[in-house]
2 protein chains.
Amino acid sequence: MKITSLTNAKVKQWSKYKEKKYREIDKKFLIEGEHLLQEAHKEGLIECVISVEENTSWDMYEHYEITSDIMKKLSSSVSGSNIMALCHYSEQKETYGKKIIILDDVQDPGNLGTIIRSALSFGYDSIILSKGCADVYNEKVIRSTQGACFHIPVFRKDLQEVLTDFKQQGIAVYGTALKNAIDLQELKVKTPYAFVFGNEGQGVSQGILNRCDKLVKIEMETFESLNVAVAAGICMYTCNH
Amino acid sequence: MKITSLTNAKVKQWSKYKEKKYREIDKKFLIEGEHLLQEAHKEGLIECVISVEENTSWDMYEHYEITSDIMKKLSSSVSGSNIMALCHYSEQKETYGKKIIILDDVQDPGNLGTIIRSALSFGYDSIILSKGCADVYNEKVIRSTQGACFHIPVFRKDLQEVLTDFKQQGIAVYGTALKNAIDLQELKVKTPYAFVFGNEGQGVSQGILNRCDKLVKIEMETFESLNVAVAAGICMYTCNH
């Protein structure tokens, strides 16, 4: 089906999904670019495909051909896209697995996406976001995950309640901190465990640090400053070895 | 001195430094925010301070009070700044040190800045950028370094020439690759050494990989995809231990 009007009802509906509140009402979101479509397709999340030119490789889905003006309206990317898809949220079972990442108010979409990407690559089972984290269905988060977000369960929870559950279930909780912490090289992880990473400016909040079984510090030499996604990647990798 | 006109000659001059070509002509750049001013101050890079409100804590420098409209024109930050400074490039001696990071066309400013930040924190001595890397004086790069870029020498070079020099000087060169590579855990680094990281999409180019002494792969489980700044952080940290 061809759509040429910027005021077409479908176009209006789709463009609403650039905002979190509309994504949450309908549990739908937009993705951009061939690579993300392929990753979303593997998990059966695509509802329809939207492209500027005819594109027969996605014939298995309902397909809309649109103008480049409409694409500009729908796209969040600066460089622009040729193909997008409307997807629905994935249904997730309430199981966290044995290697869990907890994020305490990670606010930058790029950081959140990058951590999700690393978590999947390093074989972590799930990610739990505090209420103050960026939205996983934000276009920039999805792009930074490179599609990893479709393949690993991501939950949004009250972290204090989660930590109470984990205590009962015997899941060890490790947190990163600059003070009163052992060197990362000294940490011997015991599965099942969860690793907590914190906000870009403040780190892990004190209320969460207080409930960690062990606090860990990445050994640094001079500047003592790491991006949270880098810190998370180093901890995840090191705990695997 | 107070400036209230958007067309003031100094304002016009400063705003030019948002573009790389003008930065390179005058070897000057702008920084934003109290934290970056402090880091640039430590290295004596500040020429004058520009703020919306009176600010006596930077009295040691020539100071310009400007309107918030002018600040909007000068600032590259979405959330806006209250204070900026005009800085000059730092003079760098042509010494690379013993632990060197080489970046082959890392194009994303956030990635470049994040890698510089990690390199300083992990005690690396210098960073060598290929001609295709982002500009280190780009405002987003500087912001992502959190000021680390003022404290570590960053060079822009022809990488093939650099690798020829390194061969003669007996500096080992390690590169990251997905194929024909040993596990990172197997790598025993010998100082002096350089570690090469590559472009976000293509990785390290084949012409550079061919000249590496060893190729290294970060062990992953499923997704096999890492952000380059995360990969660089993991390699730098692991080589320190």
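Backbone N, Cα and C atoms are what each Cβ position is placed from, and that goes for glycine too.
Curation does not apply to TrEMBL; its annotations are automatic.
Across the domain 'MRM3-like substrate binding' (A:8-85), DSSP classifies residues as 34 helix, 19 strand, 25 coil. Under the heading domain 'MRM3-like substrate binding', TrEMBL lists A:8-85.
Helix, strand and coil counts from DSSP across the domain 'tRNA/rRNA methyltransferase SpoU type' (A:100-237) read 51 helix, 31 strand, 56 coil. As annotated by TrEMBL, domain 'tRNA/rRNA methyltransferase SpoU type' applies to A:100-237.
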### Message
Please compute the mean pLDDT of the model over the domain 'MRM3-like substrate binding' (A:8-85).
### Response
93
